[in-house]
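Scroll down for the structure; my scribbles are underneath it.
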Amino acid sequence: MKRGTRPSGAQTLQWVSERGIFFFTAALVAFAALFIDNFVSIVNITDVFHRAAPIGIVAVGMTFVVISGNYLDLSVVAQVATAAVVLIAVSNSAGLGLAVLAALAIALLYGVVNGVAVGYLRANAVIVTLSTTFVGLGILRWLSGGSIFFGPPDGPIRALGQVKVVGLPLSALVLVVMTAALAFLLGRTNFGFLIRSFGSNRTATRLAGVDTSRVVVGAFLITSLSAMVAGFVLAAFSNTAVSTMAQGFDFGALAAIIIGGTSVFGGKGSVLRTLLGVIFVSVLTNILVLSKIGFGWQQMAIGALIVLAVSVDTLARKAARR
Amino acid sequence: MNSTPTLSLGPATTDRSARLRAALARRTEWRGLALLAVVVVATLSFEPLVFTAYPVTLGRVALIGLVALGLTAVILMGELDLSVASTLAVAGVVMASIPNVALGIVVALCAGLLIGLVNAFFVVKVGINSFIATLGMLFVLRGLAFVLSGEKPVRMADIEAGIAFGAPIIGPITPRVLIFVLVFIGLQIFVTKVRAGREFYAVGGNRQAARDAGIPVSRRLVTGFMLSGFVAALAGVINTMERTAADPTAGSTVLLASIAAAIIGGVALTGGRGSIVGTLVGALSLGIIEVGLTLSGVQVDVQQIFIGGVLLLAVITDPASFRAVVGNARSFLSGRRGETPA
């Protein structure tokens with residue numbers, strides 16, 4: 001009897017690790033809608049999207065770096081804050097067009113520096129992006145003096161932050177569009193295929209004649225551009241920007257990616273999974289907030305989820321090998 | 001010896017100077033030492049106060065370096081412990097919540113050992129990559145520190161003990177520096193002279209080979225994570241004693257600074273290469289840079305730029321990076337040569 005049940009246990013684990021996040025996210029949203037007071041209200045749903053959108057946009061972009069087998073990009077903390085501060089500060093003095101161009105140039109610079117160091121110099125991504133975080137945040141705080149920048153109350157950034165699309169804030173639409181575009185890029189294009197194959201087997205991809213270094217630069221560029229968009233969304237939402245505004249985005253985005261079921265060993269995962277991970281974490285946090293459960297418990301829940309998600313994945317793979 | 005001359009391996013390989021040269025070539029601290037030399041010369045010429053006011057500098061080095069020393073034990077085995085900063089915060093809060101100082105210290109240190117054991121459980125038993133397991137623990141423990149403290153700083157019951165702890169004991173040496181030195185000596189002896197510690201290198205260098213050679217890999221991993229947890233908790237205790245209060249957000253910059261110290265000292269994240277001395281060299285360099293820049297009136301933000309630049313330099317001057325660049329250039333050039341005739 002015991003022998004008979006074992007494969008079914010392994011199958012359950014495998015099902016949970018592969019399809020679980022779709023089911024659990026739906027179940028969590030249904031639970032919240034049914035049992036949590038005030039969850040289904042325009043104010044609350046708007047709030048959930050406002051909080052989820054910036055870190056979600058970072059996470060869908062960073063999925064490329066994770067799937068390429070390079071762990072994460074710690075420097076998104078500096079990148080998001082820099083994009084937000086540049087957008088508001090430069091547009092105050094030199095106009096919106098120049099501000100966007102400046103932010104774009106900085107994002108490209110981050111992507112190229114991180115990508116070249118990791119891709120061409122084969123340096124460890126954690127250390128490279130750690131050092132670019134130090135340098136980037138240092139420059140940002142030094143130049144901004146750590147002060148808060150306000151956009152004009154009748155300016156275009158403020159107006160964009162107030163736009164609603166079918167009742168939802170523009171940031172939610174940006175998150176959805178970014179997810180769709182990046183999901184297409186990762187799942188349906190040659191570049192996406194190369195990222196995934198590099199993540200699952202570096203040597204084989206290299207031996208197949210692919211310029212793998214360039215692929216890695218591409219993954220970091222996508223992350224940087226997403227971080228820039230996230231910075232814009234964050235700045236438009238509050239019409240303010242400060243160098244500390246993206247604290248915790250590095251590991252927060254990675255947590256959503258892992259909970260979505262993307263493997264940090266590279267090769268396995270998808271952008272849609274990351275979106276589900278973001279929704280799952282945001283809805284769970286919202287439920288805890290609405291139930292007046294403190295910040296400490298919220299952090300513990302996220303940590304436990306990371307360990308749980310990866311434990312299930314690991315045990316499923318072990319069971320499959322048996 | 002004279003009766004079995006055929007067994008000697010030839011004079012060239014056993015020659016003393018050759019052996020010495022080989023031993024020196026194996027060391028991993030050269031880049032760290034070069035940086036330290038540059039830093040020392042630069043500070044001596046621009047801000048000699050760094051060395052006349054050495055108690056301040058040593059205090060800074062001990063602050064950066066203590067957690068890094070414990071972390072090095074884990075990195076040597078090719079694993080990572082991202083939970084050290086949260087462990088520091090939890091240990092501090094636990095200690096401050098217990099009225100009796102001695103009991104508080106013991107419980108906090110035991111908490112550190114326990115956290116290391118939990119980390120090791122997920123890595124060894126469940127088989128999760130240590131990067132993720134300890135990332136999860138980073139969140140869990142940070143949350144725990146907030147829950148235990150009620151989201152606000154906890155004051156020590158016995159403030160007198162804390163004030164006494166901050167005072168210098170031997171000359172200008174504070175207990176923090178003394179503990180740092182003791183931990184350094186202890187760990188240095190452990191990984192170079194004690195068998196279990198030396199086996200850390202084997203576990204990090206080639207895990208399968210270590211297992212085949214009969215090294216209890218799982219038990220070494222448990223030891224490493226418990227060491228790292230213990231040292232992080234010790235740092236939390238010291239912080240709490242010096243400030244006479246525990247802040248649940250304490251140590252937020254510790255994680256990145258201690259990884260930086262180890263990397264600058266030549267410890268390889270891939271495991272098997274590096275040393276405790278290297279981490280000390282890294283912490284010394286970082287500490288001297290920080291204090292030197294502070295005394296010269298350079299803002300904290302600009303100091304960060306320096307440290308980030310040094311770290312980037314350390315990682316891209318890795319010999320493996322040089323080989324990658326040469327390989328890239330070669331394939332690039334050969335590709336060009338192949339294209340031109342066509």
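Just so you know, glycine gets a Cβ as well, placed from its N, Cα and C.
The feature transmembrane segment is assigned by TrEMBL to B:33-54 (among others). A Cβ distance under 8 Å defines the sequence-distant neighbours of the transmembrane segment (B:33-54), meaning residues of its chain 6+ beyond its ends; these are 172, 264, 281, 284-285, 288-289, 291-292, 295-296, 310, 314.
The annotation transmembrane segment is assigned in TrEMBL to B:61-78 (among others).
The transmembrane segment feature in TrEMBL is assigned to B:98-124 (among others).
TrEMBL lists B:131-149 (among others) with the feature transmembrane segment.
Within its own chain, the transmembrane segment (B:169-191) has Cβ neighbours under 8 Å at 54-55, 58-59, 61-63, 65-66, 69-70, 72-73, 76, 197-198, 200-201, 227, 231, 234, 238, 241-242, 275-277, 280, counting only residues six or more beyond its boundaries. The transmembrane segment annotation in TrEMBL covers B:169-191 (among others).
Under the heading transmembrane segment, TrEMBL lists B:221-238 (among others).
Residues annotated as transmembrane segment in TrEMBL: B:250-269 (among others). When Cβ-Cβ distances below 8 Å are used as the criterion, the transmembrane segment (B:250-269) is approached by residues 28-32, 35, 64-65, 67-68, 71-72, 75-76, 78, 80, 82, 84-86, 88-89, 92, 138, 235-236, 239, 275, 277-283, 285-286, 307, 310-311, 314-315, 318 of the same chain, each at least six residues removed from its ends.
The annotation transmembrane segment is assigned in TrEMBL to B:276-298 (among others).
Annotation source TrEMBL lists transmembrane segment at B:304-326 (among others). Among residues of the same chain six or more beyond the transmembrane segment (B:304-326), those with a C-beta under 8 A of the stretch's C-beta atoms are 31-32, 35, 260, 263-264, 268, 285-286, 289-290, 293.
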- Same-chain residues near the transmembrane segment (B:131-149), Cβ under 8 Å, at least 6 residues beyond its ends: 80-83, 85-87, 89-90, 92-94, 97, 115, 118-119, 122-123, 246, 248, 255
- Message: Test of understanding: applying the rule of at least three C-beta pairs under 8 Å (pairs 6 or more apart in sequence), is the transmembrane segment (B:276-298) touching the transmembrane segment (B:221-238)?
- Response: no
- Message: For the transmembrane segment (B:61-78), give me same-chain residues lying six or more residues beyond its boundaries with a C-beta closer than 8 angstroms to one of its C-beta atoms, as numbers and ranges.
- Response: 84-85, 88, 130, 176-177, 179-180, 183-184, 187, 190-191, 197, 200-201, 203-204, 207, 220-221, 224-225, 227-232, 234-235, 238, 251, 254-255, 257-259, 261-262, 267-272, 274-276, 278-280, 282-284, 286-288, 290
